[in-house]
Amino acid sequence: MLTFNGSAFMPSAFALIGIPGLESVQCWIGIPFSAMYLIGVLGNSLILVIIKYESSLHIPMYIFLAMLAATDIALSTCILPKMLGIFWFHLPEISFDACLLQMWLIHSFQAIESGILLAMALDRYVAICNPLRHATIFSQQFLTHIGLGVTLRAAILIIPSIGLIKCCLKYYRTTVVSHSYCEHMAIVKLAAEDIRVNKIYGLFVAFAILGFDIIFITLSYVQIFITVFQLPQKEARFKAFSTCIAHICVFLQFYLLAFFSFFTHRFGSHIPPYVHILLSNLYLLVPPFLNPIVYGVKTKQIRDHVLRVFFFKKVT
């Protein structure tokens, strides 16, 4: 790495400082973070095992849930080991290429999770609004295409943002990243060059993925609510609505945290850095932690199988 007038030319590594302003208590912050991670991995792994070995759950709703659980495990695993290395063992350095790889994985898994949530909303829409065609539309082949589609969409759209950093940004004012993981804008803001293209493409990707998905998820649930409230029997309305409760809870906590993190990084200069970084960390750790709890509590089939696993008896 060459330095010139305090700037770095093509740095070989970055230093992640963790949570700016809270360096003295990061070792304690790592305790609840690691607990959330372990609970999330165990809970999502349990969901994967239950869905894999219970043939009655081999239907679209639970296949999407299995995809979500696998994505949650991968997403949280991308950040927590390195984060705990910073918090507990004072190992802030990460190579330039490893940083870009972590960035690509994190943003790709975020996009994949958003795509799966959209697929789950469409599944509920067809199941409630057009139930006779559900089995025909959501065939095994279609589910495979959805899985490949959301994965390729994420990987392809995120790659150019990595390429723009790798190929176009050569000079950096500093190699110290005021973050606990390699986030796109946190790296881009270090550059001592014109970063307008990077910012514009970052906005494009965010709205092309999160914006597109949340619009169609909202439209799906508006139509679902209209259909549910038109059902003649109160019991039928309650049953249809209860199948969507868990999904709605997951959608809200994922997208609210996502958009808060996204907009504060670009427009929230008045917000203290430690608040933004803490919420950015929680955005990546809370969904994997809460999703299995939400589905375990709100979804009877999952709840019954979990109780059966732990108490070895048939739950009715």
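Every residue, even glycine, has its Cβ placed from backbone N, Cα and C.
With a threshold of 8 Å between CB atoms, the same-chain residues lying at least 6 positions outside the transmembrane segment (34-51) that come near it are 57-58, 62-63, 65-66, 69-70, 72-73, 76-77, 80, 84, 285-286, 288-289, 291-293, 295-296, 302, 305-306, 309. If you look up TrEMBL, you'll see 34-51 (among others) marked as transmembrane segment.
The annotation domain 'G-protein coupled receptors family 1 profile' is assigned in TrEMBL to 43-295.
Positions annotated as transmembrane segment by TrEMBL: 63-89 (among others).
Among the features that TrEMBL reports, transmembrane segment is placed at 101-122 (among others).
Positions annotated as transmembrane segment by TrEMBL: 142-165 (among others). Within the same chain, residues 60, 63-64, 67, 100, 103-104, 107-112, 115-116, 118-119, 184, 187-188, 197-198, 201-202, 205, 208-209 sit at least 6 positions outside the transmembrane segment (142-165) and bring their C-beta atoms closer than 8 Å to a C-beta of that stretch.
If you look up TrEMBL, you'll see 200-228 (among others) marked as transmembrane segment. Sequence-remote contacts of a segment are chain residues at least 6 beyond its ends whose Cβ falls under 8 Å from one of its Cβ atoms, and for the transmembrane segment (200-228) they are 107, 111, 114-115, 117-118, 121-122, 124-125, 128-129, 153-154, 157-158, 160-161, 164, 184-185, 188, 237, 240-241, 244, 248, 251, 255, 258-259, 262, 266.
Listed as Cβ neighbours of the transmembrane segment (240-262) (distance under 8 Å, sequence separation of 6 or more from its ends, same chain) are residues 68, 110, 113-114, 117, 120-121, 124, 127-128, 206, 210, 214, 217, 221, 224, 227-228, 231, 276, 279-280, 282-283, 286-287, 290-291, 294-295, 297-299. The feature transmembrane segment is assigned by TrEMBL to 240-262 (among others).
Per TrEMBL, the feature transmembrane segment maps to 274-295 (among others).
Residues 18-22, 29, 33, 36-37, 39-41, 43-44, 46-47, 65, 68-69, 72-73, 75-76, 79-80, 83, 106, 110, 113, 178-181, 183, 246, 249-250, 253-254, 257-258, 260-261, 264-265, 268, 302 of the same chain, all 6+ positions outside the transmembrane segment (274-295), place their C-beta atoms under 8 angstroms from a C-beta of that stretch. In the predicted structure, the domain 'G-protein coupled receptors family 1 profile' (43-295) carries a mean pLDDT of 89.
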